[in-house]
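Here's the structure we're looking at; comments come further down.
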Amino acid sequence: MKTIGILTSGGDAPGMNAAIRAVVRTGIYYGLKVKGIMRGYAGLVEDEVIDLNLSSVGDILQKGGTILRTARCEEFKKKEVRKKAYETLQKHGIEGLVVIGGDGSFRGAQLLSEEWNVNTIGIPGTIDNDIPCTDYTIGFDTACNTVIDAINKIRDTATSHERANIIEVMGRNAGYIALYAGLAGGAEMIILPEVEWSIDELCDKITYGIKRGKLHHIIVLAEGVMSAPELAKMIKERLPKLDLRYTILGHIQRGGAPTVMDRVLASQMGARAVELLLENKTKRIISIRNNQIVDDDIDEALSMKKEFNRKLYELSKILSI
């Protein structure tokens, strides 16, 4: 193998640049040429390929986002479009492709491997932490720290004004950001897709807190359950005198300098991706499980089901009495 390519696909996540850096520097260390594909699969289809060298990845370790940029590519579901992507790989002599992204990105890599025998390696990069085969994804820790910073600041003003605050965080189908940030931020209630909840239980908890002299109430809501305005309306219907505000954190969760954990994880995964290609292993997704870097067959990895950490959720309820 002489030349490898790398792309970032789907939603961006802090730490993607650290992974790109690791792939490029490890590849060069082993004597490989490294090509960058701009704008994910869309750029692969449209032949947006650049050369990457040591200078290309200098001073990016600490930066959020992705220097290769990213884009959605619905057209990639069509085989004739994927053929164009394969032709781009052939044109540039790319023998192995590293894909950084989430579930949809890996399914694209899976199809390239199945249809055109492309050597592919997946690196999980998404703030949602919803990839079944790995304990943590690149970007998750940074996103949680961003949310915690917001919770801390909102609590300051909530205490001053004796208010309740709803903080809506990302997570359409997975509530890991809500769970981890809610637990670490001391939320009175965490509302997420994986667990049933009761509006009456929430309002009873707020009422009890007021009676015992509590000055603030923090409710962390995953966006996939409902919107913050909808939840606020439900609460106000039951507690009309409650001073209630809501904050939708939105895309602030995707930006910012990656944490130490995300930088280290991305560096490990990026380096391992190159090593797997040099070992002639393909159709693999790299993961971290039990603090060890491992890899799985892409078909098996995509068929896994992520087990929700019920113990952490129960702990959050115990600690929020």
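Backbone N, Cα and C atoms are what each Cβ position is placed from, and that goes for glycine too.
DSSP assigns Asp128 (active site, proton acceptor) to coil, not to a helix or a strand. Per Swiss-Prot, active site, proton acceptor is recorded for Asp128, and the stated evidence type is sequence analysis.
In this structure, Gly11 (ATP binding site) belongs to neither helix nor strand by DSSP; it is coil. Among the features that Swiss-Prot reports, ATP binding site is placed at Gly11, Arg72, Cys73, Gly102, Asp103, Gly104, Ser105.
Every protein chain considered, the tally of other Cβ atoms within 10 Å of the Cβ of Gly186 (ADP binding site) stands at 16. Residues or ranges marked as ADP binding site in Swiss-Prot: Arg21, Ala22, Val23, Val24, Arg25, Arg155, Gly186, Ala187, Glu188, Arg212, Lys214, Leu215, His216.
The secondary structure of Asp103 (ATP binding site), as reduced to three states from DSSP, is helical. Annotated Mg(2+) binding site per Swiss-Prot: Asp103, in sequence order.
The Cβ of Arg254 (substrate binding site) lies under 8 Å from the Cβ of Gly11, Asp12, Ala13, Pro14, Gly64, Ile127, Gly139, Ala143, Met170, each on the same chain and at least six residues away in sequence. In the three-state DSSP scheme, Arg254 (substrate binding site) is classed as helix. Among the features that Swiss-Prot reports, substrate binding site is placed at Thr126, Ile127, Asp128, Arg163, Met170, Gly171, Arg172, Glu223, Arg245, His251, Ile252, Gln253, Arg254.
When the CA atoms are compared, the binding-site residues lying within 10 A of Asp103 (ATP binding site) are Thr126, out of the candidates Val23, Arg25, Thr126, Arg172, Gly186, Ile252. The two recorded residues Asp128 (active site, proton acceptor) and Arg172 (substrate binding site) have their Cα atoms spaced 9 Å from each other.
The Cβ of Arg25 (ADP binding site) has 20 neighbouring Cβ atoms from other residues within 10 Å, across all protein chains displayed.
Fewest other C-beta atoms within 10 Å: among the binding-site residues Arg21, Arg72, that description fits Arg72. Across the residues annotated as binding ATP (Gly11, Arg72, Cys73, Gly102, Asp103, Gly104, Ser105), the two Cα atoms farthest apart lie 14 Å from each other. Neighbour counts were taken as the number of other C-beta atoms within 10 angstroms of each residue's C-beta; across the binding-site residues Arg172, Lys214, His216, Arg245, the minimum falls on Arg172. If you measure from the Cα atom of Arg21 (ADP binding site) to that of Gly102 (ATP binding site), you get 19 Å.
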